[in-house]
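Asks: Please find one structure pasted underneath; my questions will follow.
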Amino acid sequence: MAGGKIRKEKPKAPSNNYQGGISFHKSKGQHILKNPLLVDSIVQKAGIKSTDVILEIGPGTGNLTKKLLEAGKEVIAVELDSRMVIQGDVLKTELPRFDICVANIPYQISSPLTFKLLFHPTSFRCAVIMYQREFAMRLVAQPGDNLYCRLSVNTQLYARVSHLLKVGKNNFRPPPKVDSSVVRIEPRKPQPQVNKKEWDGFLRVCFIRKNKTLGAIFRQKSVVSMLEKNFKTLQAVLASLNGSTGEAAVMDVGDQSMGLEDDDNEMEDDDEDMEMEEGQGGGGGEFKEKVMNVLKEGGFEEKRSSKLSQQEFLYLLSLFNKSGIHFS
């Protein structure tokens, strides 16, 4: 055009969402670690031996896989995206025997994957996993920490958990919305001898409101009602079994309220959002008194879940069970 200026268009820079001709899907949680120094650090901190079989979850384009192959004997990779490796949803896949697990996973499967690994039937030495920063901090939180929650207590019962690395979001392609952390998980050996559903049901009650006193929580009408129902069911089972052990009977009672398998994020600390039944502490009568006597016997009535250690939780659960009170 007369008097006009022609502006030369700059060539478009390649999208950060591509690598090696593959476009990444954020909906699948695909954020590929691009910093080679971090890749080397993860491999080093995993403590891999030349004889190790390594389970890699979410290998993506293989940035980490190559280093794992150099360090160990064999790498078994599980990836949801069929364009990258053999396809498989790790939550639905029967995992093989392995020595070490290394994973950069979609954050939405953090909780179910963690406990799938912890409950894996064959023992492994450790797992080194990339998590969303806040989730990682919940895993390693200690009594009194702001992020200490049901997830912290549950995980630390079954494993020793340690924070290894902080990883900024700009170390990924495409970058996620939040920063990440690498955590090392070492299953305890031997595994604790606890009824998983009983333990989890107990913690769900304790963490309804972690900063409320246990006395206030266990006075709630819904809690007393649930425990009384479990108690009566157990008594009926014991009567019908004519002398069978309480432990065997508990396994037959079934899941009255708060088991492990209620949703995909069963270990998340979402119980804090449940409403406390303020002013509805009645009901239960003699049974409510029985529950409160257990708390008083152990000195737990005025204590708060946010500050209790794992050993204190185990002790309190044993007191309840000794009185015939069960949570599953």
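Cβ atoms here come from the backbone N, Cα and C positions, even for glycine.
Pasting the relevant annotations from TrEMBL:
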- H31, L33, G58, E79, D89, N104: S-adenosyl-L-methionine binding site (BINDING)
- 38-189: domain 'Ribosomal RNA adenine methylase transferase N-terminal' (DOMAIN)
- 257-288: region 'Disordered' (REGION)
- 260-278: compositional bias 'Acidic residues' (COMPBIAS)
Asks: Around N104 (S-adenosyl-L-methionine binding site), how many other C-beta atoms are within 10 angstroms of its C-beta?
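Replies: Cβ-Cβ neighbours of N104 (S-adenosyl-L-methionine binding site) within 10 Å number 26.
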Asks: Identify, among the binding-site residues L33, G58, the residue whose Cβ has the fewest other Cβ atoms within 10 Å in this structure.
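Replies: The binding-site residues L33, G58 were compared, and L33 has the fewest Cβ atoms within 10 Å.
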Asks: For each of the binding-site residues (E79, D89), count the other CB atoms lying within 10 A of its CB, then report the residue with the highest count.
Replies: E79
Asks: Restricting attention to the domain 'Ribosomal RNA adenine methylase transferase N-terminal' (38-189), give the mean pLDDT.
Replies: 91
